[in-house]
Amino acid sequence: MSADVEGFTLLALGIAFILVRLYARWSIVGPSNFQLDDYLMPLAGIVFTLETVAAHIVVASYDGLTNSYMTPEERAALDPNSVEYSKRIAGSKIQVIGWSLYALILWLVKFCVAIFYSRLTSGLMDLPNRVRVSYVILGATYIMVALCLVLPCRPIERYWQINPDPGNICQPTKSKISVLIVVIPNVLTDFYLLSIPLPLLWKVNISLRKKITLMGLFSGACFVMVAAVIRAATILSSGPEGAVSGSRWACRETFVAIAVSNIPIIHPLMLRLVRNTKLSTLFTSASRQSQHYEHTSSRTKQSSRREGRKKIHHPLSIPGTNAWGSDEYILSTGTNAPQKEITVVQETIVRSDPWTQEDGMQSSAAQPEWARQGSQTQENNGFSREQPDTKRNSSIERK
């Protein structure tokens with residue numbers, strides 16, 4: 001597969017993940033209940049598009065040429081008016097832009113994951129505090145990475161300087177410091193985010209299969225870390241092809257990051273679609289809680305319509321958790337999660353009119369069955385026939 005086909009295929013798949021995520025959130029909580037991550041993820045999709053276009057331009061327009069891996073003799077001999085000279089300058093500029101977009105999109109996705117975890121772990125031991133710490137860590141590391149990409153090489157024009165040699169620090173694909181200053185914070189922040197939900201899985205009372213399913217959903221960051229390490233190693237080992245190889249692996253890592261960060265959110269929608277296509281038996285043991293919701297939802301359908309949009313119970317939640325809505329308690333142990341009950345109110349209105357004994361004797365025989373039953377209901381509830389009034393009998397059933 002050519003680089004262009006692969007790059008734009010990954011872009012299309014990444015945008016598809018984002019669109020499915022938006023549809024899932026729209027159908028579950030509604031646009032009025034969107035959270036910050038629901039807006040940051042489409043922004044990440046836009047940045048992903050710009051990154052893919054930049055990677056394409058480096059190869060298609062400038063042949064992957066930059067100011068890196070040139071000997072002093074080659075720099076001195078290169079004519080400033082030549083096409084190669086122009087391509088190297090333009091390619092170096094695009095390379096700086098591409099690295100900046102790469103860091104931006106990864107940290108946008110990390111923030112989306114952290115915000116998702118803030119809803120996921122609300123009220124669970126010390127996990128909310130760990131999520132708040134992640135905000136500080138992500139903000140600090142992104143500022144550090146962004147500054148380290150532009151400040152070491154001053155003035156910034158040295159990033160595309162050909163002659164004299166600007167030094168390794170102004171050649172990102174040749175500078176080990178430039179590569180490591182991105183990959184190390186990237187991997188460490190992914191590891192920290194991964195450490196928030198996974199330890200709790202072994203403390204909750206759920207089946208082993210369900211634990212493995214949850215771990216699979218939330219351990220996708222491992223693939224992102226692997227892609228980041230491969231990208232760094234490829235850049236440092238590819239020599240003059242480092243710019244092209246680095247751009248390709250940046251797009252691959254970005255796609256993996258978008259995919260694995262959205263899978264936990266779109267998973268409830270996927271299971272619902274599976275059930276609608278009569279394939280729910282494949283997920284029976286992993287979705288018993290959602291099946292229980294299906295059995296009870298028919299009896300509360302009218303009440304749900306009055307309240308507005310129906311909430312979808314997350315199929316991977318454990319007993320005691322609340323609906324999969326704006327506050328997602330997938331990992332709740334049931335002691336701290338809010339208990340939301342469904343109340344069904346059935347109301348019967350019985351109306352009595354003034355009457356006399358004579359009227360009653362004349363009309364009792366002609367009364368239809370439903371009218372005689374209504375009269376018996378009034379007597380059983382102690383309602384006086386001599387006083388016109390309207391009474392209401394309400395019964396409350398809690399599920």
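Every residue gets a Cβ built from N, Cα and C, even glycine.
According to TrEMBL, the protein has these features:
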type     : residues : note
DOMAIN   : 20-270   : domain 'Rhodopsin'
TRANSMEM : 40-62    : transmembrane segment
TRANSMEM : 96-120   : transmembrane segment
TRANSMEM : 132-151  : transmembrane segment
TRANSMEM : 212-234  : transmembrane segment
TRANSMEM : 254-274  : transmembrane segment
REGION   : 290-320  : region 'Disordered'
REGION   : 355-399  : region 'Disordered'
COMPBIAS : 373-384  : compositional bias 'Polar residues'
COMPBIAS : 386-399  : compositional bias 'Basic and acidic residues'
Next item on the list: Report, as numbers and ranges, which residues of the same chain sit near the transmembrane segment (96-120): CB under 8 Å and 6 or more residues beyond its ends.
Entry: 35-37, 40-41, 43-44, 47-48, 50-51, 54-55, 58, 127-128, 131-132, 134-135, 138, 141-142, 145-146, 149-150, 159-160, 172, 178, 182, 186, 189-190, 193, 196-197, 221, 247, 250, 253-254, 257-258, 261, 264-265, 326-331
Notebook entry, point to check: For the transmembrane segment (40-62), what are the same-chain contacts with Cβ under 8 Å, counting residues 6+ beyond its ends?
Noted result: 3-4, 7-8, 10-11, 14-15, 18, 21-22, 87-88, 90-91, 94-95, 97-98, 101-102, 104-105, 108-109, 111-112, 115, 243-244, 247-248, 250-251, 254-255, 258, 261-262
Next item on the list: Determine the mean pLDDT over the domain 'Rhodopsin' (20-270), rounding to the nearest whole number.
Entry: 89
